[in-house]
Every structure is written in C-alpha cells, then in structure tokens.
Amino acid sequence: CRNGGHFLRILPDGTVDGTKDRSDQHIQLQLSAESIGEVYIKSTETGQFLAMDTDGLLYGSQTPNEECLFLERIEENHYNTYTSKKYAEKNWFVGLKKNGSSKLGP
C-alpha cells in the first residue's frame, strides 16, 4: 500500500490518508480474503476496515460492510491494485495523491 513514498493508514477517527513515516502505528494493515480475489483491509491498530463510499471517498469503518470489500488484482508490473466491489461498475481504485491525501475513487 505505497504510492510516491506514502503508506496507506487508517486513523482512529476514520480518516484514511498516507504517511511517509515507516514507524507510524496506523500503517499496519491486515488483508483477509472473503473469497478468491476479494479482500477486507483492516488496520491492526484501530481495528477499522478500509471502506469506500458512494462518492469514492475512502474512510475507516468499525464494522465490515459492503463498502469494505475490495477486489484485489496483481498487475503486470507486480503491483497490487484494489477496487471497490460494491462500486465495481465505476472502476474506482484505492489511491493516494502525491501529498498523501486519499484520492477519490474516480
């Protein structure tokens, strides 16, 4: 979960962003498979699940729901990409901007 040197993190208030700090306790994420190619991404520090809402905004959810399930794909360049399963028709990816803020799905 890196982009431009940023690690994806889920903060206690549900904010999702990126940090360059490797020692930040909120970058520790656990992936768990729901089925082949479908994963939940959970912060081991806050216990929150990564989620994407109807507008493509990333947030942390205390409980897993439809917005927390992502389709995982290994690309030709060997990077993993994650798209919202619920909004798959919109082709929204999990992403960070170069400044570390979360990028809207579209």
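Indices start at 1 and increase along the chain as displayed.
Even glycines carry a Cβ here, placed using N, Cα and C.
Within the same chain, the residues at least 6 positions away from T83 (heparin binding site) whose Cβ sits under 8 Å from its Cβ are F70, L71, R73, N91, W92, F93, V94, listed in sequence order. The heparin binding site annotation in Swiss-Prot covers T83, S84, K85, K86, and the record cites sequence analysis as its basis.
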Can you tell me how many other Cβ atoms are located within 10 Å of the Cβ belonging to S84 (heparin binding site)?
25
Can you name every residue in this chain, apart from T83, S84, K85, K86, with its Cβ inside 8 Å of the center of the Cβ atoms of the recorded heparin site?
M52, E67, L69, F70, L71, Y87, A88, W92
Cβ contacts of K86 (heparin binding site) (under 8 Å, same chain, 6 or more positions away):
M52, E66, E67, L69
Return the residues near K85 (heparin binding site) by Cβ distance under 8 Å, restricted to its own chain and a separation of at least 6 in sequence.
E38, E66, L69, F70, L71
